[in-house]
Amino acid sequence: MVLSQEEPDSARGTSEAQPLGPAPTGAAPPPGPGPSDSPEAAVEKVEVELAGPATAEPHEPPEPPEGGWGWLVMLAAMWCNGSVFGIQNACGVLFVSMLETFGSKDDDKMVFKTAWVGSLSMGMIFFCCPIVSVFTDLFGCRKTAVVGAAVGFVGLMSSSFVSSIEPLYLTYGIIFACGCSFAYQPSLVILGHYFKKRLGLVNGIVTAGSSVFTILLPLLLRVLIDSVGLFYTLRVLCIFMFVLFLAGFTYRPLATSTKDKESGGSGSSLFSRKKFSPPKKIFNFAIFKVTAYAVWAVGIPLALFGYFVPYVHLMKHVNERFQDEKNKEVVLMCIGVTSGVGRLLFGRIADYVPGVKKVYLQVLSFFFIGLMSMMIPLCSIFGALIAVCLIMGLFDGCFISIMAPIAFELVGAQDVSQAIGFLLGFMSIPMTVGPPIAGLLRDKLGSYDVAFYLAGVPPLIGGAVLCFIPWIHSKKQREISKTTGKEKMEKMLENQNSLLSSSSGMFKKESDSII
């Protein structure tokens, strides 16, 4: 009778202890007298390890809806790309107007000084992106983009009240550019939340926004500058930033953010937890352990030392080389037209190129961008220069439209925000330095010929570096597959041995207690 009474007691003790452990649903309760015994604790520990993937499921981001509200998000992101980079790409028109407004015959370095305004602005947009990626992870795409557009509005409006070139370094080159950066980077990240299968096409459409604006803005700016002057033109451009401010409200979050992961959806504890997070929690430097991404983050900036030179100095070069030509702004329009075509065309092509092999499209684009830059000084007739600009714009669109899809392929959706942010930050250095160096060469040599020749060299070198990425990525994936297979087998054997030894120990203890 003693045996028949002790068995229910032990079963009751086990059932009462069951809710305290994190054992998964459907798992058999471990035999034994109670939770305090070490063999049962060992079994519970093994069960928790086995239940790991199941408990992580609620934090996984939902599947992209591939449409719906995403189409409105796409249009908002398209306006963002258009207003930010349309203004930047049309800076050649503003550059000439700044020379006329602030220049003096006594200053022989005015081209060099003025070039810093546009290049500093473009560089700061990319330089701030690593910081923007952190804000995007902390506060989401919507808040980051809206605040950025507001700051950009303030910077552009302030630029319309300066009386010399130097204050523009602060108002236009830093404040306006930082605001644009905070508005731009979330527009790349949010697309991956709403689209997956169509991501290449959607990125092509979004980045084509800057092409549309690059086509239209040079003519609009020329008309405005001739009619109302430089300062009122900058105030008109503030309207674009106000619309961008409104567009940012469409970035409704879908994927689980860092905020949700850390606080479990509790908004009150978000700031207190994140404010004192260690740096490694904020800046995800672990992505540089992905060798293919590290090579990509070096090759792209290396290729861009001469990339922005034509956008800043081409209009000045045309004024000097083709003085009799009217409508010189057509060269920037040509780049904008074919850049838009290239973004749509190569964005769609990228959807059919598997995995990291999309990088080969960027290699092709850098080859032609470098070659066309070298051909600009060789064009003795205006028609030839237009043809060169058309080809350059086509492959410029290719390079830009597939940047986000490649980042998704290299590091995955969870880390793509900071992956893009770090890359754009590295891009800021060559894009800031290149145009002033070209302006200095123009001041010293009297023409832009050498500047354009040298601007074509970095894209060729950077493209050669990018060729190694698919090989590095595939090699790493094979190593991971082999290692993962071995680890899974060893883990299964280890778990089985632990369960067997724990069970035998418990049965032995139970028999001892019965005796």
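Residue numbers in this text run from 1 along the chain shown.
Glycine is treated like the rest: Cβ placed from N, Cα and C.
Since the structure is predicted, the reported quantities are computational estimates derived from the model, not experimental observations.
What Swiss-Prot records for 17-26 is compositional bias 'Low complexity'.
The compositional bias 'Pro residues' annotation in Swiss-Prot covers 27-36.
Residues annotated as phosphoserine in Swiss-Prot, with similarity to another entry given as evidence: Ser263 (among others).
The phosphoserine annotation in Swiss-Prot covers Ser498 (among others).
The phosphoserine annotation in Swiss-Prot covers Ser501 (among others).
Per Swiss-Prot, phosphoserine is recorded for Ser503 (among others), and the stated evidence type is similarity to another entry.
Annotation source Swiss-Prot lists phosphoserine at Ser504 (among others).
For 1-48, the entry in Swiss-Prot reads region 'Disordered'.
The feature topological domain 'Cytoplasmic' is assigned by Swiss-Prot to 1-66 (among others), with a curator's inference given as support.
Away from its own ends, the topological domain 'Extracellular' (88-114) comes close to residues 121-122, 125, 164-165, 168, 180, 210, 213-214, 217-218, 221-222, 225, 229-230, 233, 311-316, 319, 329, 332, 335-336, 436, 439-440, 442-443 of its chain (Cβ-Cβ under 8 Å, at least six residues beyond either end). The topological domain 'Extracellular' annotation in Swiss-Prot covers 88-114 (among others).
Under the heading topological domain 'Cytoplasmic', Swiss-Prot lists 136-144 (among others), citing a curator's inference as support. For the topological domain 'Cytoplasmic' (136-144), the model's average pLDDT works out to 86.
Packing against the topological domain 'Extracellular' (166-171) from elsewhere in the chain are residues 98, 116-117, 120, 155-156, 158-159: each is 6 or more residues past its ends and has a CB under 8 Å from a CB in it. If you look up Swiss-Prot, you'll see 166-171 (among others) marked as topological domain 'Extracellular'.
Taking DSSP states H, G and I as helix and E and B as strand, the topological domain 'Cytoplasmic' (193-200) has 4 helix, 0 strand, 4 coil. Annotated topological domain 'Cytoplasmic' per Swiss-Prot: 193-200 (among others), in sequence order.
Swiss-Prot lists 222-228 (among others) with the feature topological domain 'Extracellular', giving a curator's inference as the kind of evidence.
Positions annotated as topological domain 'Cytoplasmic' by Swiss-Prot: 250-291 (among others).
Sequence annotations record features per position, and here Swiss-Prot assigns topological domain 'Extracellular' to 313-329 (among others) based on a curator's inference.
The DSSP breakdown of the topological domain 'Extracellular' (222-228), given as helix, strand and coil counts, is 7 helix, 0 strand, 0 coil. The topological domain 'Extracellular' (373-396): residue composition by secondary structure is 21 helix, 0 strand, 3 coil, according to DSSP. The transmembrane segment (397-417) and the transmembrane segment (67-87) are not in contact, since fewer than 3 Cβ pairs between them lie under 8 Å (pairs 6 or more apart in sequence). Most Cβ pairs under 8 Å with the transmembrane segment (352-372) belong to 452-472, among the candidate stretches 67-87, 145-165, 201-221, 420-440, 452-472. Long-range contacts of the transmembrane segment (172-192) within the same chain, counting only residues at least 6 positions beyond its ends with a Cβ under 8 Å from a Cβ of the stretch, are 64, 73-74, 76-77, 80-81, 84-85, 88, 116-117, 120-129, 132-133, 135-136, 141-142, 144-145, 147-156, 158-159, 199, 202-203, 206, 241, 244, 248, 251, 403-404, 408, 413, 416-417, 420-421, 424. Taking pairs at least six residues apart, the transmembrane segment (67-87) and the transmembrane segment (420-440) share fewer than three Cβ pairs below 8 Å and do not count as touching.
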